[in-house]
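Notes follow once the structure below has been shown.
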Amino acid sequence: WIMGHMVNAIEQVDEFLNLGANAIEFDIDFDENGIAKYTHHGIPCDCGRLCTKSAVFTEYLDYVRQVTSPGDPKFRKELVLLALDLKLQRISSEKAYAAGVDVATKLLDHYWKRGWNGGRAYILLNIPLVEDYEFIKGFKDTLRKEGHEQYNAKVGINFTGNEDLDEIRKVLEKLGEDEHIWQADGITSCFPRGTDRLEKALEKRDTPGYKYISKVYAWTLVRSSIMRRSLRLDVDGVMSNYPDRVVGVLQEKEFANKFRLATYADNPWEKFMRI
């Protein structure tokens, strides 16, 4: 999965897809009551990027629904995963449950259309810190109460704050979640980062019987050398400001026969086992 990073303006969706992304990450900004208002990152953000691009969240969902709905004039088959970077650290953790309710409701109304010609992409809920776990409860409770638990099959969970992997597992156990789990590791492109935690996550992913990590990706990679380093470790995905650079690295002799771009036919919740 090549994940376009910080794709917060509607016009950026096709821009990043044209550069080779098959997944996009966008930031969800909440008001003080946990209502999802805008796709917006804000200052500071990655070096060399404009931090202030934004859209109304529901309008953004309406657009990506069209882009991921077969038969729609705007359909792009390559877009298979939407990663919602939930800026919950900006609101009280007491509002995390309400935020989960609101995001689930808006996805039902504007993306899935409650079963009427909705978008098909998989959804990854990027949660900054384990203390915000109530978001997941609010989200799942809403799907159940609204009679649309079928969409759980399309939804995954990812804690993105580089916290202790065993602490993340404990929270997932507490929630009763042991599938559809991704693990991110990374830092803003402005700073270097080693691979210790990334390698630990990959080791857990590859441990037979370990349920709490099915995919691992590294973020935010801008240098080709760091992309190569991550690919050599066998990551499942790379988040980048420059998807075209990732495409270029994947075409190199070392990687061309080892990796391919994920398509809609690839289940993002299953571990990929090399033969």
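Including glycine, each Cβ sits where the backbone N, Cα and C put it.
Swiss-Prot annotates GLU25, ASP27 as Mg(2+)-binding residues; of ASP62, ASP72, ASP85, the candidate listed for that same site is ASP85. For CYS51, the disulfide partner named by Swiss-Prot from the candidate list CYS45, CYS47 is CYS45.
A strand conformation is recorded for ASP85 (Mg(2+) binding site) in the three-state DSSP classification. Non-local neighbourhood of HIS5 (active site): GLU25, ASP46, TRP219, THR220, MET239, SER240, ASN241, each in the same chain, at least six residues away, with C-beta under 8 Å from its C-beta. Taking a C-beta cut-off of under 8 Å and a sequence gap of six or more, ASP27 (Mg(2+) binding site) has these contacts in its own chain: MET6, ASN8, THR39, HIS40, HIS41, GLY42, ASP85, LYS87. The local packing around ASP85 (Mg(2+) binding site), expressed as other Cβ atoms within 10 Å of its Cβ over all shown chains, amounts to 25. For the recorded Mg(2+) site, residues GLU25, ASP27, ASP85 set the reference point as the centre of their Cβ atoms, and the other residues of that chain within 8 Å of it by Cβ are HIS5, MET6, VAL7, ASN8, PHE26, ILE28, THR39, HIS41, ALA83, LEU84, LEU86, LYS87, ASN126.
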